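Everything below concerns the one structure shown next.
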């Protein structure tokens, strides 16, 4: 079933979800901590020694349920009255499937049926479009499934339906007063579980929506003229998804750089971590689109970050990932629509299926060498391939390669001319592989997007993955490329999925001159990204999960790093367990971001795994978040 879903998603050129079957970007995946003066008594109460971090005294660990410092039911009830009854005591989505007072087979059947629906997941504060770890799986009793165990796991125990800025600030204040871990979630679309936290209070932004407004000519909120941008802009005031922003863009006949999937949040984690999509090669990554942002800091104050004020925070938001504050509002660039988008579709399947399918992998290596030149010519898009799949992948084949790549603003003739040398290079495989291709041209960007990408994908499954930015030197030698392809293709029983994302080059390279960019510099020299992933069953023991995770980190991830040793990975679709995540996700800019983190969040309130400053904390076996 995994392969069928993946084939459908990436066949339709789904961006990140497509290939990975993973998660939901948290606009802002970050927990919070507290003011030193407020937290010192809690540190002493817990018996831990207060830490002195500059001007900050704070307890070493956050409170968790069951401890003496955990708020009583009366305190939670009082807080709920303070915020107008918007506090939610969370419970697992599938708890109705398990023995106990909440068991309800009718509700369980509904949950099982809707589990893969993205709105079903997003409409719950503990819903995750691509959960990092499922600890209460739905049970299909009609299919003969039987319940195992059910718990919240790393999901929050309380959530605030934060529809106003005041309620966001009240939530942060309560968390600081009580030394609680906080997570911030808008869509729950995050691939690394950065929106999760054991025993946390969640600031749920799903309904924090005010307005999406089009500006024919961008005007900075404070009159700042340093951006140099004189084109159009879209003002996104609230935790909207890309599908909402796309409606406004299409109505005004402009292009915005959004996700290939429509479900991620348009502000916060997706752009701050990089943010790629069908238009990013031509117009820049999501991080490059941000013209300004309004951010709530840990003390509840709201600041404007742009080219004129809070410029260090502005830079961090444009590539440094989540964890600096709660992003409430952004303005992004918008571009004139185009008259044509030409798409090339290619499928390759073995004529004779074998366990290793070596001929297919030979062809994949040829294509990997061809991508930089195709990207130079203007091609962008997504490809994916599998050595083996448990079920049918392309037609009746259980292995194969498929891509949809396109040229924005160019004709079919130009697209054919560019791909012709690659097709010729593939001809040597025609006795062993079935190779099919076709072209399609659309008369504007949005006709292309709605047909080739941006569809409503199935969700709710878990994978682990690793990613690598691929520069030109990495693919100069065929034998080195083929060696890497062999490893990431995995053993026949791995059923690994590999995705090639031609989302860089073009304007992404040109934006290297932007001094306000906070992206890993490796983006500016790498035409494409490779992602290697493996699926994990909904119900699995930890030993089996660890075996898959270790394979991704120490086998497939290591092979990609060997292939491209001087680049890095894409933080929004990377390996949470990567021991070198600081170097791989941030590169040489990390010290700058860490200084910004310490300036705006000296208490580490907005902690999230693999985010800036995460190395200063650890999660204990009891689930506590503690300073090292």
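Just so you know, glycine gets a Cβ as well, placed from its N, Cα and C.
Feature annotation from Swiss-Prot assigns signal peptide to 1-29; the stated evidence is sequence analysis.
Among the features that Swiss-Prot reports, region 'Disordered' is placed at 34-53.
If you draw a 10 Å sphere around the CB of residue 80 (N-linked glycosylation site), it holds 16 other CB atoms from the protein chains shown. Swiss-Prot lists 80 (among others) with the feature N-linked glycosylation site.
Residue 133 (N-linked glycosylation site) falls within neither a helix nor a strand when secondary structure is assigned with DSSP, and so counts as coil. Sequence-distant contacts of residue 133 (N-linked glycosylation site), defined by Cβ-Cβ distance under 8 angstroms and a gap of at least six in the same chain, are 153, 154, 193, 196, 462, 545. According to Swiss-Prot, the feature N-linked glycosylation site maps to 133 (among others), an assignment based on sequence analysis.
Per Swiss-Prot, the feature domain 'FAD-binding PCMH-type' maps to 152-337.
Sequence annotations record features per position, and here Swiss-Prot assigns N-linked glycosylation site to 356 (among others). If you take the C-beta of residue 356 (N-linked glycosylation site) and look for same-chain residues 6 or more apart in sequence within under 8 angstroms, you find 387, 492.
For the recorded site, residue 356 (N-linked glycosylation site), the DSSP three-state label reads coil.
Under the three-state DSSP scheme, residue 80 (N-linked glycosylation site) falls in the helix class.
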